[in-house]
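*Asks:* Once you've had a glance at the structure underneath, I'll fire off some questions.
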Amino acid sequence: MTEADDEIELVSLSSQNLPVKEDKEEKTDEEENVDAPLLPLTVQSSPPNPLPESDNENEDSTLESPPPPPGGKVPLWRIILLSASGGAIDLVFAIEDTYAVPLIVATGLDIRYATIMLALSPLIGTLFQAYLGSLSDGCKCSWGKRRPFILFLSLLACLGLVIAPLFPSLFSSYTAIGTLGAVTGVAFFDFGMGQLQLPSRAYLLDTLGPTSQVQTGNFIYIIIIGIGTCTGYILSGIDWNSLFNKDNAKDTSTVIVQAQFIFGIAAVMVLICLIATLCSVKEKNPDSSSCIKACPCTQSPKNIVQDFLKATFESFKFVWHMSKHMWLLLAVMLFGFLSLYTFLFFFTSFVGGAVFGGVPSAPKDSEAYQLYAEGVRKGSWALAAGAGFLALSSLFMDRIAKVIGLRVMFLTVQYAVVIVYFVLTFFPLLALSYIGACIALLCQGLYLSIPFTLISLYEANGLMFRKSYSSGNIGGRACFILNTGLFLGEALAGFTTGPLINLFQSSSAIVMSACVSAGLGAVLSAFLYFP
């Protein structure tokens, strides 16, 4: 059939019943914008009428099981596979929480500078997040818009997991090179996993069917996050050095050897989660082309810079038009993750120093250092218990939220965090550390779910902007804004925690700092609008 015949057939169809059908569809869409409680965070790129696409004979026949139509539900097992990358993200973050600072300090770098090194990666992520998000939204790869970026960022994280513990061992005689390798490796996997959050969550939400699945999908995402986090903390809590190296269990490089086992296992698990996510649902990209041609690396440096500046400008434009509700939500994310990263990044150091009385700067064969190393492992088990508590609680979050509401649930957990942090500052006991870890990780799970649900509600009720504004992908840019709050909170935690420890000469300053920022986040959350 020729193109002219196609056009004649479409015209004849439109002259019969299509006008009535289109009016009905427009009315349905208008009703959904008013009545639907939740909307997907991304705008569908395909037109409402599927007839032209169904007649496209040049469509890639290899695309199997495309995302279901907006009226159909996504099977639960597909949502679980789609969320596997989220589990990988928090698996790596859990390992970073427990062993990033001890590993860098073990190479000889002072803890003040170690924390500053941790702040560099989220700052870089904040700068490039808008550009990467723009590339993902406009990607024309035959794989889809999200999967190429999930693949690249996961492989970058795996490279960092290999480099970080390997360089200090290979260049033990050259401390500077070992330190540089550890810092670079940590920066690689922190940047890769941090940037992976946006395409991973967008991939999940792009695929969800009816709007009622958005909240359920977010809570399933939390369950997978809890499993990944728990796995990461359990890996960190096992004494791998004594398990496989019993003759040299008190080696002077205990932390470095531990990191080699933990980071290596984590790299394998990230690859497994990557395969699960990529094979779950094939994206249907109507403008598909070769991934090599679609790769930004094939562009000239001038075009890359222009695209980067354009994406950054569009993001600032989006922020300028945001409503007060979105600004308040961004502030809540900033102070909330400042508190969480301050507590979680340095929690194992707090347990090793304040609870067990160890000294990280003591000679490696001394009792003080062995107490610190033991405290790091015990702190890892406390965080593992907290992650397990998060995964268990996530099974009931959806039901609890429907009974008491998102607002009450969110505020209750935040105020509980403030109280526990305050008590733990003055009573650094191991039992209280376990309670603090459980409450903190539960709060982290809510921070990774409820704000993303709120931006769906704001979009549905016209509360996203203070005045009229049109964007190609409102939900995607809103996710970018929330991730910016996350990155800035992580960066501030890195810049402020080290100097605080040095100023007060106590690990308890970590928990007090987290308590103050958590209190600010809780106060701001009380003014959030829950439609």
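Cβ atoms here come from the backbone N, Cα and C positions, even for glycine.
All TrEMBL annotations are machine predictions without curation.
The region 'Disordered' feature in TrEMBL is assigned to 1-70. The transmembrane segment annotation in TrEMBL covers 115-136, 148-167, 173-193, 214-235, 255-279, 326-359, 379-396, 408-428, 434-458, 479-501, 507-530.
Structural setting of the listed features?
*Replies:* A Cβ distance under 8 Å defines the sequence-distant neighbours of the transmembrane segment (255-279), meaning residues of its chain 6+ beyond its ends; these are 81-85, 87-88, 91-92, 95, 99, 102-103, 106-107, 147, 150-151, 154-155, 157-158, 161-162, 164-166, 168-169, 200, 203, 228, 231-232, 235-236, 239-241, 244-245, 373, 376.
Sequence-distant neighbours of the transmembrane segment (326-359) (same chain, 6+ residues past either end, Cβ-Cβ under 8 Å): 96-102, 111, 115, 118, 236, 366, 368-376, 378-380, 382-383, 414, 417, 421, 428-430, 433, 436-437, 440-441, 443-444, 447, 451, 454-455, 458, 464-465, 478, 481-482, 484-486, 488-490, 492-494, 496-497, 501, 506-508, 510-511, 513-515, 517-518, 520-521, 524-525, 527-529.
Among residues of the same chain six or more beyond the transmembrane segment (379-396), those with a C-beta under 8 A of the stretch's C-beta atoms are 94, 97-98, 219, 222-223, 225-227, 229-234, 236-237, 344, 347-352, 355, 430, 433-434, 436-442, 444-445.
Sequence-distant neighbours of the transmembrane segment (434-458) (same chain, 6+ residues past either end, Cβ-Cβ under 8 Å): 37-41, 201, 211, 214-215, 218-219, 221-222, 225-226, 229, 323, 325-326, 329, 332-333, 336-337, 340, 343-344, 347, 379, 382-383, 385-387, 389-390, 393-394, 397, 406, 409-410, 413-414, 416-417, 420-421, 424, 464, 475, 478-479, 482, 511, 518, 528, 530-531.
Residues 41, 111-120, 122-123, 125-126, 129-130, 133, 194, 197-198, 201-202, 315, 318-319, 322, 326, 329-342, 345-346, 451-452, 455, 507, 509-510, 513 of the same chain, all 6+ positions outside the transmembrane segment (479-501), place their C-beta atoms under 8 angstroms from a C-beta of that stretch.
Residues 325, 328-329, 331-332, 334-336, 338-340, 342-343, 346-347, 349-350, 352-354, 405-407, 410-411, 414-415, 417-418, 421-422, 424-426, 428, 436, 443, 454, 457, 463, 496-497, 500-501 of the same chain, all 6+ positions outside the transmembrane segment (507-530), place their C-beta atoms under 8 angstroms from a C-beta of that stretch.
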*Asks:* Who are the long-range neighbours of the transmembrane segment (408-428) in its own chain, taking Cβ under 8 Å and residues 6 or more past its ends?
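*Replies:* Long-range Cβ neighbours of the transmembrane segment (408-428): 336, 339, 343, 350, 354-355, 397, 400-401, 435-436, 439-440, 442-443, 446, 450, 507-508, 511-512, 514-515, 518-519, 521-522, 525-526, 528.
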*Asks:* Please give the sequence-distant neighbours of the transmembrane segment (173-193): residues at least 6 beyond its ends with Cβ less than 8 Å from one of its Cβ atoms.
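*Replies:* Sequence-remote neighbours of the transmembrane segment (173-193) are 88-89, 92-93, 96, 100, 103-104, 107-109, 117-118, 120-122, 124-125, 153-167.
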